[in-house]
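Student: Pulled the feature table from TrEMBL, pasting it below:
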DOMAIN    47-299  domain 'G-protein coupled receptors family 1 profile'
TRANSMEM  34-55  transmembrane segment
TRANSMEM  67-91  transmembrane segment
TRANSMEM  103-128  transmembrane segment
TRANSMEM  149-169  transmembrane segment
TRANSMEM  189-211  transmembrane segment
TRANSMEM  244-267  transmembrane segment
TRANSMEM  279-302  transmembrane segment
Amino acid sequence: MIDWPNVTASSNQELGLKPEELQKSKCVLGFIPVIYYSILLCIGVPVNILTAVALCRLASRTKKALYYYLLAVTASDILSQLFIIFVGFLLETAVFHRDVPTLLLHSVSVAEFAANHASIWSTVPLTVDRYVALCHPLLHRQISYPARARKIIAVVLAVSIASGVPFFWWSDMWRDSHSPTALDGVLIWTHVTIIYFLPCSIFLVLNSLIIHTLRVRQREQRCQEEQGTKSVPLQRLGKTTAMLLAITSVFSVLWAPRTIVVIYHLYVSTVHQDWRIHLAYDLSNMLAMLNTAVNFFLYCFVSKPFRSAVRDVILLRGSPLYSRRTLPQQQVPTNASISSLYSGNSKRFQRDFTPLSPHGARKPS
C-alpha cells in the first residue's frame, strides 16, 4: 500500500536471486490509502454502531427475522472495519510497516478473512429469507421467526471463523517477490469463490426469482384492477425488495475489481513486480472496504421505519411505537379475562339476588 522498504529483499539476496527479480513495484498512491482508510474508519464505525442500535430497537419492537439478519450484517461490517482497516491496513502497514512477528501477521490474517467472510455471508440468509417471504409466504410464516434467525446467524458466524483458518498461510502480495505457488493458487481461488463467485451466484438466482415473482404479481394486480376487484398493494414488498437488491448490487459492484485483480495477479503479473497491478490492487481494496460503510445510507434511503428508529436514537428518545403496539396486545387478554369474570360474576349475582317473578313466586298460606 505504501512504498516501504521490502523486508524480503535481504533474504532473497542471500538466495542468489537477480537484481531484476528483486525489483519492487512502486506505490503511486503514496499516503492516499492511509488518509482514505482513516476517514473511512472514522465515519464507518460510528455509522455502523448507530445502525446496530437502530436495528436492535426495530428487532425488539417488531420481532421480525429481517432485522436480525440486517443486524448480523452490520456487526460483521464492524468487525471487518476493525480487523481489516484498523489492524491490517493502518496499524500493521502504515504504523509498524509490517515489521511485526510473522505469527502475529498470519494470525491477524485469519481474523481478517473470518470477518470478511462473515460480512459477506450474513447477507445470504437475508436473501433466502426475502425469497421465501415473497415466493412462499405461507412457508415463511412457519419457518421465519427470531429464534431460528439467531441460530442461523450463529451457524454462519461459526462457519466464517472456520473458513478463515486456512488463510493463515495467505501470502503477502505487496512484498512477496516470488511468483505465486501452488498453495497460493489454491488459497486465491478458494478466497474468490467464498467472497464473490458463490455468494453472487446465490444473489443472482434468488433475486431473479424474486423479481420474476413481483412482475407476475404486478400483472395480476393490474388485471384485478381492470376487472374492478380489490387487490393487495405491493408497496411494502417493493421497498423491502429494493433494499435487498441495493445491498447485493452494491456488494457485487464494489468487490468485482478486487476479484479480477487477484486472479490477474495469479496468472499474468504479480503485484510486487508491476506498479500498475499494485495500483489496481490498492484501488480495488479501497472500493471493497467502502462496502462496509454504505449500508446505513441504503437503509435510510429505502426504509422509513429505519429512519424513524435512527431519529429516535440520535434524539435520545424512547420508542413510543413499541408501547402503542405491545401494550394493547398485552392488555387485550387481561381485559378479556376480566370482562369474562365480571360477566360471570354479574350473571351469578343476578341469578342469586334477582327477585322471583310473580308467576314463579309462592303465595303465602
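Note that Cβ sites are derived from N, Cα and C of the backbone, with glycine treated the same way.
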Student: Check for me, if you would, whether the transmembrane segment (189-211) reaches the transmembrane segment (103-128) - at least 3 Cβ pairs under 8 Å, residues 6 or more apart in sequence.
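Tutor: Checked: the transmembrane segment (189-211) vs the transmembrane segment (103-128), in contact.
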Student: Mark yes when the transmembrane segment (279-302) and the transmembrane segment (149-169) have three or more Cβ pairs under 8 Å (sequence separation 6 or more) and no when they do not.
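Tutor: Between the transmembrane segment (279-302) and the transmembrane segment (149-169), which are separate recorded stretches, there is no contact, as judged by 3 or more close Cβ pairs.
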Student: May I ask for the residues of the chain that lie six or more residues beyond the transmembrane segment (244-267) and have a Cβ under 8 Å from a Cβ within it?
Tutor: 73, 120, 123, 126-127, 130, 173, 180, 184-185, 188-189, 191-192, 195-197, 199-200, 203, 207, 210-211, 277, 280-281, 283-285, 287-288, 290-291, 294-295, 298, 301-302
